[in-house]
Amino acid sequence: MDIVLQQLVNGLTLGSVYGLIAIGYTMVYGIIGMINFAHGDVYMVSAYLTAISIALLTFFGVQSFPFIIFGALVFTIVITGAYGWVIERVAYRPLRNSSRLSVLISAIGMSLILQNYVQLSQGPNQQGVPTLLSGAFRFYVGDGFVQITYMKVMILLIAFTGMAVLTYIIQKTKLGRMCRATQQDRKMASILGIDTDKVISSVFVIGSAMAALAGVLVTLDYGAFDFYIGFIMGIKAFTAAVLGGIGSLPGAMLGGIILGLSESLFAGLVSSDYKDVFSFSLLVLILIIRPSGLLGKPAVEKV
Amino acid sequence: MSQTAGMNYKQCFTDAVVAALMALVVFGPIMGVVLDGYKFDIDFQRVAVIVALVFVGRLIMSYYFQTEKGKAMIFKYASNHDGVTVNPPHFKSKMIWVIPLVMIIGFLIPFVASKYILTVLILGLIYVLLGLGLNIVVGLAGLLDLGFVGFYAIGAYALALGYENLGLGFWSMLPIAAIAAAFAGAILGFPVLRMHGDYLAIVTLGFGEIIRLVLTNWVSLTHGPNGISAPLPTFFGLEFKRRSASGETFHEFFNLPYDSGYKYMFVYLVLFIVVWAVLFIKHRLVKMPIGRAWEALREDEIACRSLGLNHVLVKLSAFMLGASTAGLAGVFFATYQGFVSPSSFTFFESALILAIVVLGGMGSTLGVVIAAFCLTVLPEMLREVAEFRVLIFGILMVVMMIWKPRGLVRVTRNGFAAREGAVK
Amino acid sequence: MSNAVIRKTLISIAVAGAATLAQAEVVIGVAGPHTGAYAAFGEQLWKGAEQAAKDINAAGGIDGEMIKLVKADDACEPKQAVSVANRLVDSDDAIAVIGHFCSSSTQPASNIYAEAGVLMVTPASTNPTITDRGLPNVFRVCGRDDQQGQVAASYIVDTLKAKRVAIIHDKDTYGKGLADAMKLSLNNKGSTEVMYEGLTRGEKDFNALVTKIRSVNADVLYFGGLHSEAGPLVRQLREQGSKAIFMSGDGIVSDEFVTVAGGPQYVDGVMMTFGADPMSYPAGKSVVKEFQANGYEPEGYTLYSYTAMQVTAAALSHTNLDPIKAAEWLHANSVDTVMGKKSFDEKGDLTVSDYVMYEWNDKGKYIQQN
């Protein structure tokens, strides 16, 4: 019993991280219909930025944990957002009128660029951040116990707060309305006076910022990263986005959590060798039953 | 903006300053602060250089785009010219003599080239096969497949496993591997045909990953990550080894001194013939009803279905043909390397093959051939700049897409005319 | 024996060999992952070989001919390994190769070197199949995974007297080979593991696996793999409140292990098997000092690579730069290196396995156990 509960906790935290990164995929897909393969590497860049900001802050004598995490969050989110903006400007905007596959190849190229640029600048080594917050809540269940570190509690809190803020922005603000309008019909939106280029740029910035949020949290929690982490995380997050229905914000979060839970439970109760096989099979199965994901709108076939 | 072609130098300068500032924000932390354990070192020089480069580059770019030439260039990129070039009916290209020339040169190369060049060429030809296969699926049938490497892996492992468990050699496994891969294509294709565009992409991606993971984890059959050795082709039963346990070897039979280059020559020649055969078959297929059906289905599925095309069968045939070509490529890969392991079949391979198809020009056979050679020979040429190899490769991918978004070679086709003797 | 003595012997060898060939350079390839995810290890190989070549050249080279190193990048991909191996043999005319790193790259590449009659000495590929195939030109100056597994298994059974052992590997040639070897030795000693599973390389979240380890009440967790996964694994193990002893092989020998584990408090008590400390040899000590003087900490495989170069140079100098004869010579003779006297058996493995048990302390350093 305690083991199953512990696996649920593991899956939930992992899933919320997947969900945060999946948002970047789902928003970009929703608005310009492209798979942004470089998104996982944007997350990787944010992990480096987190470590750099922590190193800088401790160097300048900041010791208290709240200040460090606040500083790291602001620094990382701002600069990762800038990365999102620059990547869109340089690699995707010139291809706005081309076929979607050309943009896909450009994105794969961008992903290679980011990985190798970071490797060349920072060296190929494994990197890490010191443990800033240790300790855990422990709940006794029957004979065993369930343990949740403070860091994991913080991940859940910040991830869900981030989601709530984003939902508010998309639903209630002017920028959100412009995003939704552009998503529905880009041409019509531009006729109505919306600067769609600007909206697309801001979507990239928002998506990158969410990836940065995940980057800070994951880096603080696992404490280890290298220039290659973006790839696996990117594929997992993209799977989550598709699972939940690509283009749908709640879908991304739901997909992330389902993926995280299924991975943890399968690895814990059956075999960790085949856990990825299981997640991909689950994805195929869900897509066969619901071809546009769990919360996605079914594609309307034109006649 | 005024009509006079006056230069707005202020605009140039502001653009450049903004770009430089952006470069400072983006490159500053990652390039300037180098992590070392939990501490860091500062490297201002690199940041200064890159920011200066961006500033100058942007200045030149702004200036250029204000000249007449630059404006023409912007206009060219902004316009959206799509579709195929249609030649007049019965058009025969004047370049037709190139084909026999390439054939002759291709046949002569192994006798003059060094072993290293030969191995690079073999790899290039393997990617031509892969590109041709994926071109049927993505370029012609319009089904975005991100797990193409799975079929490649099936072909490669079929050779190695067939040799180890059934004692079958290269020649018997060549067709069997193609059939096995086609069969796998059918199994995958059937359930996913309901899906559209990008859902199909992620499912195929998942399928490719599943194959790789199973190859890694099913240790009792595949030896897992240790990989498994694959046999060399034989020349009418003669082996290309220094010494053979079973009878004579190639060099003993022909009284030649032993040279490990012979086996690469032979693999190259066989592969060269297979590539030409696949090229020919594909060329004919495109002109046959099935090829027309692929393209029609890509353009408008509903119209095709209303005209009575069996869309499941058409898509499935594209999937299976593509997969079997990849299976062939896999057999050659395994025999060329003499060894297969799951680490050769990662998602990056799928992306590379897709890049070949898109870079070559979707649906264009010639483009695929050129792009396949570019993408395999280029990294080898870049070996001189070892560390920057993959970075430059990535930059070239982005630049190529911006420069030629529809690929290197545009698709051309001959127009139709009524056959002679037909009623007009 | 001090470094100076080695140099003197090398010089005398060079003089005695009385170079007859007119070539000015001996080309030796250093093959390994110089780019990609394992580039850190490629750097270790390169630094070690570079320093060794510099020292040998300073002492007069091999038979009076200078060593010229060629960097060959395989990125730990078998496909690229075949390509660079052919390039080294064909275009660069290398007569010997130091490398490769990943066993999955070494295996296909070694076939090519064998055909071309090039001497190959790998400083790092520990998978048994590398030498078990009986290629005459293949040597390694590191141990074999089965030897390492044996040391670990006897330590667990005899010293720790642990009953419940969980085995985790990273599904890679090295990690799984090591875990399998350890499992075999453990079973031969009459003990059965309580859990045997793989994790995925490149991932950082092993919480699900850790919970499972907790649920089987393991006393010892044996991990076959590299520090990039070992760090997060041991940290998450401690964070979930498990007190199982963490044990691994030479794949975690790197200061980065402490960095990725989130600080020295997590690596405290981690056990590992590794070759005897090179600092315990006088020759090793002076070479380590030389490295440190150049601002490089010779960790992991750096000294193995140095040793591989010394072995290669010694063999070549005794046989007039004939790599095929050099291989025969190595099977019969022993070489003094910075890591002690090395001799090889008929397969090309070291005759004496020098694996010993180390323990990490709360300062983030490892200390040899007796």
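Easy rule for this one: first residue shown is 1, then count along the chain.
Heads up, the Cβ atoms here are built off N, Cα and C, so glycines get one too.
The shown structure was predicted, so the numbers you read here are calculated from the model rather than taken from an experiment.
TrEMBL lists B:12-35, B:47-65, B:95-113, B:119-138, B:143-163, B:169-192, B:199-219, B:262-281, B:316-339, B:351-378, B:385-403 with the feature transmembrane segment.
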Stretch of maximal Cβ-Cβ contact with the transmembrane segment (B:143-163) [cut-off: under 8 Å; candidates B:47-65, B:95-113, B:199-219, B:351-378, B:385-403]:
B:199-219
Stretch-level contact, the transmembrane segment (B:95-113) and the transmembrane segment (B:385-403), CB cutoff 8 A, at least 3 pairs:
no
Best-contacting stretch, by C-beta pairs under 8 Å, relative to the transmembrane segment (B:199-219) and drawn from B:12-35, B:119-138, B:169-192, B:316-339, B:385-403:
B:169-192
Cβ under 8 Å to the transmembrane segment (B:316-339), counting only same-chain residues 6 or more beyond its ends: which ones?
119, 122-123, 125-127, 129-130, 132-137, 140-141, 143, 145, 148-149, 151-160, 170, 173-174, 177-186, 188-190, 193, 227-233, 264, 267, 270-271, 274, 278, 285, 290, 294
Going through B:12-35, B:119-138, B:262-281 one by one, which has the most CB pairs that fall under 8 Å from the transmembrane segment (B:351-378)?
B:119-138
Under an 8 Å Cβ to Cβ limit, what residues of the same chain, 6 or more beyond the ends of the transmembrane segment (B:119-138), are close to it?
109, 113, 144-145, 148, 151-152, 264, 267-268, 271-272, 274-275, 278-279, 282, 285, 294, 318-319, 321-326, 328-329, 332-333, 336, 352-354, 356-358, 360, 362-365, 368-369, 371-373, 375-377, 380
